[in-house]
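Visitor: This is the structure I have questions about; it appears just below.
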Amino acid sequence: MNLTFLIMILSILSVKHSFFKNEFGPDGRRLTEEPVFEPSYPNGTRQSLDEEWKNIRIKLNYDYITGKERDYYTCYEVGQVIPFSWYNITCKESDLITNKNLTEFYKTIDNLIEFTQKFIKVRPTPNKDYDYKLTIYISYFEVFSSVLAQGGYSGYDEYHRPTSGHIEFNNAYVSNKESKFNSSSSYFIHVAFHELTHALGSFHINYHEPNSTKLWDYNQTHCKMTKYGKNFTFLISPNSHKFAVKHYGVETFEGDDNDCPSGIEIEDGGGSGTMGSHLKASKFNSDLNVGMTLEIEGYDYERITDATIAILQDTGNYICNWSMAQPLVWGNPESQIGGKPIKDFAIGPPQLVYPLSYQYRSDYIYKNVGFDFKHIGTSLQTFKPKDCQNSDTKYCKGINFYNPLNWTYVGNQEIFDYMWIRFPQVSCPRGKAVLPGLSYYYYYPEECGEYKCNKYDNFTFYVVNSTWIDNQPLNITCNRTTVNQSFNYTMHTSGGGGWGTYKRIAYCVDPELFCRTVKLSEMTFVRDPLDPDSKQLDDPYAKPHSQVVLELTIASIVTGITFIVIFVIIGFIIFYKCRESKGDYSGDGNDDNQETRDIESPPTKENQDIEKDSSEPNYLSD
């Protein structure tokens, strides 16, 4: 018998049955088994419905990496054959998972777990030292697969909370650098957290009240409608509805065939692994739970937003620490002048309702500058649509939504609703930004300029590595009267292995639009984003809280003193009035008593003396 064939047979027989099936779907995702029920409560339910929420405890399982357990698509031995649909991989020494240096990978997973255990709370699983068991895989995927990783849950308890799950990383895309949140190295950990949300059960249909085993009906959590020829599906469960009301400013979405409570749109494009299980990319650009990442190694673009918080909390299984998340700037009312919602942003055609800065166009000053003034990007691929008169494609059915202005070219990504989207090439760190006017094909980190906002009146913009007037760096002030004013300068960079000099142009934008947007982009939440009355941005023209407190304190003291003075004055007035009245009454009474005494008492020497001089006034002694 052929030795290679024997090794292949033995390796197949040694594979323990796992959550994964030994086959891939047409979209390059590995197929999985259905989750199983894992009882967690001895009596079937909790002893107390008011049991305290606590930080989730996650137990990591690396058995399929160490080789303690065997996965069908992972190399453990030299000569091992991994069969795919139309080719095989024969494992070499360098392919063995046990020979790979995974030190930085393990650090990334540790960072992921540390963050998640602070970010998410659950009702603790009784009689265990963990609430969730997470199994990690590093496997080979089909050669045509563009899947970076995939996650899912494999077990759940009496309350439909996932208690075990997995993340499988595509061997071809595993990073050899440590990845951290909120850093230039955040790319890989964002991918991992995205998959972890799937492993925690986001977007599954088992939604329920936090303390109930009774599931909501599908129509209680989802709503479908058609508008402009496009089909919409919304998640309308409580937190998603709160998000939508705050973000879009409406309680109801009015469709052509149905009205829906406002909610979070669910992805209707992509393959089977994307459709129905992600945030709609065209509505949630930069949230890491969209179905296609726009982030690249070395730049921090995606984020955990209030939309991700809403979909996790709506499962009924989790409470999120909102102070660790960031605002979704895309379409955010607080990013706009006046802080007002963008009309019809949720259901209107992007070409008609989105701000000009949200799409790439060669004739816009915003051509390569991102909507958040924090990144520079070039266009994703486009295509020239065919005549739709006799076509029944999704694009043609919804052409009034996707291309009402009949642009010659549109984006080729269905999940972005065929919008002409920028692919971020450079992102600016905290305290730096870019202005409209950049219209070239390659950019450098030196493009980012330092900015400083003076309320919403004006802002300064300073590009260190540049030459402007009198060989000085570009240093301009933009205010409401200089909107669209242009400034030509030269930018110097060391990118590409040597110094380069490039002609650049910058346009001023409205200071309120700029300052609101960059502030939201750089902050984490300071107030509960799902509180209907909360805002993240303070009014820069309002008095500082300390001053308000001081003024209120002074006003209270003055008011108190005033009341005391008034009471004292009133008291004196009453006192003297009473005394005056008493004096008048006592005078009359003494006269009467004197007369009586004169009649009843025998005359004394004093009386006799007084009577002798009746011409003198009669005074009463106190």
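Easy rule for this one: first residue shown is 1, then count along the chain.
Note: Cβ is positioned from N, Cα and C throughout, glycine not excepted.
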Visitor: Suppose a student reads TrEMBL and sees HIS194, HIS198 listed for Zn(2+). Which of HIS278, HIS375, HIS492 should they find annotated at that same site?
Guide: HIS278
Visitor: What is the number of other Cβ atoms found within 10 Å of the Cβ of HIS194 (Zn(2+) binding site)?
Guide: 25
Visitor: Within its own chain, what residues at least 6 apart in sequence put their Cβ under 8 Å from the Cβ of HIS278 (Zn(2+) binding site), listed in sequence order?
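Guide: Listed in sequence order, they are PHE203, ILE266, GLU267, GLY270, ASN289, VAL290, GLY291, ILE415.
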Visitor: Have a look around GLU195 (active site) and count the other CB atoms within 10 A of its CB, chains all included.
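Guide: The answer is 21.
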